[in-house]
Amino acid sequence: MSQRKSKSKSSNADPKAVPKERCSRVSAVLLVFLGPMVDLVRQQWSVLIIYPTSQRPSEGNYEKEKEHCITLFDQWSEADQVEFVERLISRMCHYQHGHINSYLKPMLQRDFITALPAQGLDHIAENILSFLDARSLCAAELVCKEWQRVISEGMLWKKLIERMVRTDPLWKGLSERHQEKYLFKNRTAEVPPNSYYHSLYPKIIQDIETIEANWRCGRHNLQRIQCRSENSKGVYCLQYDDDKIISGLRDNSIKIWDKQTLECLKVLTGHTGSVLCLQYDERVIVTGSSDSTVRVWEVTTGEVLNTLIHHNEAVLHLRFANGLMVTCSKDRSIAVWDMASPTDISLRRVLVGHRAAVNVVDFDDKYIVSASGDRTIKVWSTSTCEFVRTLNGHKRGIACLQYRDRLVVSGSSDNTIRLWDIECGACLRVLEGHEELVRCIRFDNKRIVSGAYDGKIKVWDLQAALDPRAPASTLCLRTLVEHSGRVFRLQFDEFQIISSSHDDTILIWDFLNVSPNGQSEGRSPSRTYTYISR
């Protein structure tokens, strides 16, 4: 009976249960092997708790051996010391490498700006800091008193402003227009301290931001020149500088205007047809006319120095630079001239290839670019005068273009503006918005300005136009409406647009000198545009 009970108890037991005897044996084995390890860990922790790292008791002869190694190390050459340390480091683990790296970092740091003046090398410290931009220069002033002293005594804020004036056209223009305000040219020998230029820098930035806002919002001061042509009215071409505006009129005359007083200083006569194009430099004015001739005039006296008779029909456009001149004509040809002097101009080559009047030309040292009523833009080699390629895309004749670096911008009687890569001939963007023929176009690094037969001048965001991701609706920044007739020609810089029209006027759109309330005589209608900030 007892055997049956024991069997039933054993049958009801958990088959996975471990016998007590077996557990005791395993525990005994674990204690044998882990006991010493546990004791060692306890001992190490007791040492760590009782003694800080710097106060741990040395083991064995470590201290003596360490001193002996240091003595030997000091006797070795630098190269041997480096080799020995490298071998030591190579035998260490990753944790030790990290500890050494943390130890070396502060040792490797050097305040060279503070150290250089102590060695009599202030000029080197100033030269290093002179390469900083405005934000970095502000941060450098806060590093310590010695850095601030180097920046102050080195007049580094003044040098930063001077560098910006040398390299940025907008800064240069402001310096020329606001000399008294900015003290770029002092009447006294006393030079303001560095703190003056430090406070001046943000004021100049504020002026620049105001000018950019005026461009975006169309705020401008408008001046108007009434040309009062005797017979037929219209101003076909113009060019200006800080002192004067020179214009070519439909009534066959060339008029020179004082840019400050807007008075007519001189009238040049001699052409027997409308003056369709002109360009001048410090010595000469070169004009092209519907009388098929090109005339060269002396700037100061207005005397005719040369008359070039080559084209069979109206001379529609011309450009000259660095001893080379290119003219184009209604006779479908392009003439390339060598200009040794105003009186010594010889024909080098005639370029033929367009099937209609050649309306405009531009060139640099690499390419001559021409556009025609045949809807094409042709590219020619400047050095060899050989044909390179044709740019196709406009649906109607092309009236204007400008070429610089790799970019060509053209305007057409299909009412569009196109941007081209001259090297591959690809059309990069089509700008739409004008309602009639786009007659004149200019661009700089920021914007394109176009004038059309609809009487409107449009300002476009060039950088956005070159970005294929920019929506077409964001490209036109502002439309300026003041002319009552077709816009024939315009030129612009960072501060103004000067345009001429069939309405016999020249308009000066001044974005710098705007009344404080933003309202002016020539405020264009307010329109809603999206501006892509850059």
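For all residues, glycine too, the Cβ spot is worked out from N, Cα and C.
Feature annotations, courtesy of TrEMBL:
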- 122-160: domain 'F-box' (DOMAIN)
- 228-267: repeat 'WD' (REPEAT)
- 268-307: repeat 'WD' (REPEAT)
- 308-347: repeat 'WD' (REPEAT)
- 351-390: repeat 'WD' (REPEAT)
- 391-430: repeat 'WD' (REPEAT)
- 431-463: repeat 'WD' (REPEAT)
- 480-510: repeat 'WD' (REPEAT)
When DSSP states are grouped into helix, strand and coil, how many residues of the repeat 'WD' (228-267) land in each?
0 helix, 21 strand, 19 coil
Using DSSP, tally how many residues of the domain 'F-box' (122-160) sit in helix, strand and coil.
30 helix, 0 strand, 9 coil
Which stretch, 228-267, 308-347, 351-390, 431-463, tops the Cβ pairs under 8 Å count with the repeat 'WD' (480-510)?
431-463
Positions on the same chain near the repeat 'WD' (308-347), where near means CB under 8 A and six or more residues out:
273, 276-279, 283-284, 286, 288-296, 298, 354-363, 365, 368, 370, 372, 380, 382, 385
Same-chain residues near the repeat 'WD' (351-390), Cβ under 8 Å, at least 6 residues beyond its ends:
313, 316-319, 321-322, 324, 326-336, 396-404, 408, 410, 412, 420, 422, 425
For the repeat 'WD' (308-347), give the DSSP counts of helix residues, strand residues and coil residues.
0 helix, 28 strand, 12 coil
